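Quick look at what Swiss-Prot annotates:
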- ASP488, ASP497: Mg(2+) binding site (BINDING)
- 17-32: compositional bias 'Basic residues' (COMPBIAS)
- 39-59: compositional bias 'Basic and acidic residues' (COMPBIAS)
- 97-108: compositional bias 'Low complexity' (COMPBIAS)
- 1-109: region 'Disordered' (REGION)
- 229-249: region 'Disordered' (REGION)
- ASP496: site 'Important for catalytic activity' (SITE)
Amino acid sequence: MKSASSEQSVERIENGHKKKRNRPQKQNRRSKQSSVPIEDAHVEESLDGRDSSRSKAKDSTSSSKQQRPNTDELEAMRASNVAFNSMPPMRAESGYPRRSASPLLSSPEVSKQLLSKSCPDPRACEQSPGMNGELFQQIEGSSQRKIFSSHWSLDAVTEALEKGEAFKALFRVNAHNRNEAYCKIDGVPTDILINGNVCQSRAVEGDTVVIKLDPLSLWPKMKGFVTESAAKPEGTNSPPEKDDKKARQKNGIDVVEGFEDGFSKNKSSVIGKGAKNGVTPSSPPSLDSCLGSFCEQKGNCSAVDKLCGILSSFPHKRPTGQVVAVVEKSLVRDSIVGLLDVKGWIHYKESDPKRCKSPLSLSDDEYVQLMPADPRFPKLIVPFHVLPGSIRARLENLDPNLEAELVAAQIVDWGEGSPFPVAQITHLFGRGSELEPQINAILYQNSVCDSDFSPGSLTSLPRVPWEVPEEEVQRRKDLRDLCVLTIDPSTATDLDDALSVQSLPGGFFRVGVHIADVSYFVLPETALDTEARFRSTSVYLMQRKISMLPPLLSENVGSLSPGADRLAFSILWDLNREGDVIDRWIGRTIIRSCCKLSYDHAQDIIDGKSDVAENGWPALHGSFKWCDVTRSVKQLSEISTTLRQKRFRNGALQLENSKPVFLFDEHGVPYDFVTCSRKGSNFLVEEFMLLANMTAAEVISQAYPASSLLRRHPEPNTRKLKEFEGFCSKHGMDLDISSSGQLQDSLEKITGNLKDDSVFVDILNNYAIKPMQLASYFCTGNLKDSVAEWGHYALAVPLYTHFTSPLRRYPDIVVHRALAAALEAEELYSKQKQTAIDEGRSCFTGIHFNKDAAESIEGKEALSVAALKHGVPSTEILSDVAAYCNERKLAARKVRDACDKLYTWFVLKQKEIFPCEARVMNLGSRFMTVYISKLGIERRIYYDQIEGLCADWLEATSTLIVDKLYSKRGGRGFFKPMKEAVYLVSPCEVCVAKCSALSVHDTESPEAVSIDEVAPAVFPLTIQLFSTIPVVLHAVGGDDGPLDIGARLYMSSYY
């Protein structure tokens, strides 16, 4: 197992590292600070009655021509340059096993009344008279109460897609402003803006939708597009409450106070104003004539090509459109985590005695609102009659702790007449301010299976103690006399890779990478294989691991533990001093590791520290001595440095920032964090793992060009990359974006001039990461006519896959099987051709691939027989496996990011305040975005409409002057208290705090950050782009709202 730091250097580029920053919402519990970056697509758990919501949207209504909002309204729309576009669509294979339902969650009435099609069963409305019936009348589609237009029928969708009048896309919501959503169309470089609830037409984050584009004349200007005229600075947009109001008016929705904040279904609560009867008609109108004219100029081309041509001709325009159908519902609909608005319901009940004789009584025709923790989701309506009995009883008893409990819900219906989806509660986790409930909610939300392994999957495991069978000794290459060692984190137990090096005559080296042969134990189509495929990846939390494979395999018989005979897949390269591969050998082996080194141990050896065999160092096994180990580590370090330099000369790109490492007490509770960076020993291991992955990709793609699992990383988003280039040019930095290698070279030159400003280097890397797209697994058969798209942009190589971590990644097991099949095909071919074994064994896995042998009748037969024996999947099956593994890998990363945010929040909650320095990244009249280097996060600070604070924005010089008002503001308007933007202390308090810190500071934790390191600023404060300012971080939410990390200016004043 590799540590998060060692393994993620490539992953940081592969996964794009998209940052998402939340915009404040005017809703209950919605934080006004941005969130820690998380990313996206999930496979959800199986709960009672949830399968129906997983299926594609088959229900549709009759179509009629759809009317659009007027031109003035649409031209008023403004786009947002959010950083989470270019995310690949994902789907789960329905055949994979699901976890069993929680006994808490069953609600028999739901299946009868709520799990409906596009319109609910009228009988459900008859059983719920009064206010609840009025709501369901709206959902049923009363012509005077419709908000959303009917979705197109399946036939209309199919016809529009075939004619190029509509596009299939992935629906993503702006976390800063839920009224803004973006749709990613495959092959189109710019995302489509879907502005407003009506245009979004009940689509939810992660849905696969069909969209209809607006005419070109209605597309707004691209935000951030720089022209010769003075561009409007970022952050100068109107206040969010005004934006929200405009968005509702533009899209024909007026959500009155009774429904927005109340708890009854009022007949007049929602009034559509955009079209007749509040509904825009719904049949597919023709595409803008500009598409047709472009096609006439360019000849016969696809609709995507036409759209790309228009976007290229009008780069300053942001395309807009509307959702006309939801063709595949996102699985995240089934696991939305949030808090019940119990106080709001109680206030509603007590505010009018006519509604209820007693505030304690519950009526089935009422509902309670659920406020999602993720701001991308709308409020949910949970009818009382579908509440689990335990929650309903607590509501009746006015349990004050209920509102602090994290719950999960699934959307069961969203009718055309309801502004919010109807949901049911599926799980109760515990208090939102506690660590364990939050972790459980994170795992549940991302469908991470934390249950025990099934009995069937355990039956195929070998019994312990286990020894290598004699038949394997006979058929494998015996490397037990070779000095093989592992380098891993000190706490690692699943050791899936080992290294060796030998000096050869003539100054050559033979380097070996030995990977645990997991495919020997996990056979295709077994219960264990099904379980591993379902879990897909191990998930690493700070204090525990959720394994993909049972511990008996991942930590015992499959792990390359020191002193034990283990089965391995080995790749041996003969390298010269320039790092060129002269020859190679690939095969199944038996190895015996002589020691388990930690990264710190290996680094001490590289640094030449003496007395390496002192206390605390690992035991040696076999006949080897410490001089053998130290010589191997130093040689490997020198060779890896040569390989690394060569790789970057060939165009590789590396972008990474330092990240905090958490310190835990004996109870596993985080209490502080320190910053750490990767060591040379991390790069040592990384370099050889990259070489092994590239070698495996080359072999399997040549042997099985239609059914190999590779990993591709597309080129960055062109528009965003050009924006980054313009940003650097504006600030006097030359950036070459013509290739990954040129980008790396120019970044190194820029950062070389900034050696004394590591924070700005981090900011520059953050900007460089944002244009990067996600890396993903794919089946070569799906791109057989587009071999150029197989490449990996960040690594600058044409072929790449994952081979080196089969104990924790299912794709690696798939690759092992293909490699085993190629090896066996070589043996079969040599027997059929009656050639020498050395000549035959080199034809498919050697450094020179024998294409003639592979295309011969004997070669084809050998490859086919071997593929069948080792379970090499077909193109169709492998495509589904790739898509599912992409989804699970993304979910695992979300869990990791969410846990990082949770641990940070928990530390800040205990500290109460955390003063630190921040660097201003964006600046405007309403808010600034700051980068906190100690935590590697970005945060927004809003300072508009703050009582007692004056924020003067000087647009000509892009300067902000923040001062304190010493008289109350005149005029009307809502102003937030100063404490929301400024943490204000007096100079006397600062002196007292410093003295207290000196007396009570924990001397046992010298790495901990204390309050006396950062001094507050004074009024007036002048701020420009890249200014360093003091801020105070604090924990937001917990028991009373979603978790977040808030930032405020840290100021000092006597008044």
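Yeah, the Cβs are placed from backbone N, Cα and C, and that goes for glycine too.
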ASP496 (site 'Important for catalytic activity') CB neighbourhood, other CB atoms within 10 A: 26
Three-state secondary structure, which DSSP defines for ASP497 (Mg(2+) binding site): strand
Number of other Cβ atoms within 10 Å of the Cβ of ASP497 (Mg(2+) binding site) across all protein chains: 24
Secondary-structure category, per DSSP, in which ASP488 (Mg(2+) binding site) falls: strand
Other C-beta atoms that fall within 10 angstroms of the C-beta of ASP488 (Mg(2+) binding site): 23
